[in-house]
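Novice: I am attaching a structure below and will ask some questions about it afterwards.
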Amino acid sequence: MISLPLPVLAAVLCLVIAPLMLRLDLGRRSAAVFFALLFAGFALQSLLVGLRFGYGIEDFITFQRVLPLSVGPLLYLGFLSLALPDEDLRRHAAWHLGVALVLALVLSLFANIYRDFDLVISASYLIYIALLIRLSRKGPDHLIFARLDIARPAQRWMLLGAGLLLILLVLDTAIALNFVFARGNHATAMVSLGSLMLIGLLLLILTRMPSVLAPEQSAPAPAPERAASDEADLEQLVREMLIKSQIYLDPDLSVQRIARRLSVPERNLSAAINQSQGMNMSQYVNGFRLDHAARLLRETNDSVTQVMSQSGFLTRSNFYREFQRVYRQTPVQYREGAGA
């Protein structure tokens, strides 16, 4: 009977998940791409670990030891893509991935001279743990490109991602110390334990993924003229419902809730807003919140913080950023200009 080491089984699961990640519907295509690359990297890394500790093949040991440098950047960029416009995201991606690539090349070229790979990798894990925590602390309103119903869960997923990096940091440190003090006598057992934990996480991800997967497009698209008309009509229905009900003032508003109100499929609703208005549902709803905030600034003496909370925004930073993007001035400047 063929026996596969646990890291190889983990690699197989990662290979299953990686293409599924490309179908993630988080509101931004780039997020799905970064997460798919992350799991493809996990698959390759697990395979090389399995070859090393399961079959004694150490020809790729240097490559296997520098691969973890990509984990933090890809995980962070996946979430960051939900918060930044394309130009800023490209700049951040070039920086984070570029630094990881340069470090990997330097460590590979000078592997015979500098052997403390683990110090560099540990520093990378710590940096991206801090970056993920900082990004999550900015709140779901900061994720302006995320699907309306995804922003709040994504904030929690960032903390889980930081937790994953912490586990990898502890595991890698334990294995490195075992090689130093025990000549790696327990390394195989530690690798197996880490692989079991990874397999459990992967199975959990597989059970949760269907809720955020985009459906496969098998049916032909409708004629453009009719589609444009349907999308404009649906957008008008959404607009009228939001204005009449003012449910956009609820910071926990989700796209499913809007879809249920209108008795239309969630997918059709998101597509109608995207095609007719050139924005995602979160940005669309924020437009109504900003209109409401501007009216309060003109007509009341409520503080900016009160206006923010009464208009459906969760964080001050996102409120200021979105307000300045639309009105080209801060809420205080807007109020002064309106003579309130």
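Even glycines carry a Cβ here, placed using N, Cα and C.
Look at TrEMBL and you will find 232-337 tagged as domain 'HTH araC/xylS-type'. Taken from TrEMBL, the feature transmembrane segment applies to 6-24, 31-54, 66-84, 93-113, 119-136, 157-181, 187-206.
Show me how these features fit into the structure around them.
Specialist: When DSSP labels each residue, the domain 'HTH araC/xylS-type' (232-337) comes out as 82 helix, 0 strand, 24 coil, counted as helix, strand and coil in that order.
Listed as Cβ neighbours of the transmembrane segment (6-24) (distance under 8 Å, sequence separation of 6 or more from its ends, same chain) are residues 31-33, 35-40, 42-44, 46-47, 49-51, 53-54, 191-192, 195-196, 198-199, 202-203, 205-206, 209, 212-214, 216.
With a threshold of 8 Å between CB atoms, the same-chain residues lying at least 6 positions outside the transmembrane segment (157-181) that come near it are 68, 71-72, 75-76, 79, 118, 121-122, 125-126, 128-129, 132-133, 135-136, 187, 190-191, 193-194, 197, 201.
Residues 5-7, 9-10, 13-14, 16-17, 20, 42, 46, 49, 53, 164, 167, 171, 174-175, 178-179 of the same chain lie 6+ residues outside the transmembrane segment (187-206) yet bring a C-beta within less than 8 angstroms of a C-beta in it.
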Novice: Could you tell me what the rest of the chain brings near the transmembrane segment (93-113), counting residues at least six beyond its ends with Cβ under 8 Å?
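Specialist: That would be 62-63, 65-67, 69-70, 72-74, 76-77, 120, 124.
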Novice: Quick one: mean pLDDT on the domain 'HTH araC/xylS-type' (232-337)?
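Specialist: Averaged over the domain 'HTH araC/xylS-type' (232-337), the predicted model reaches a pLDDT of 87.
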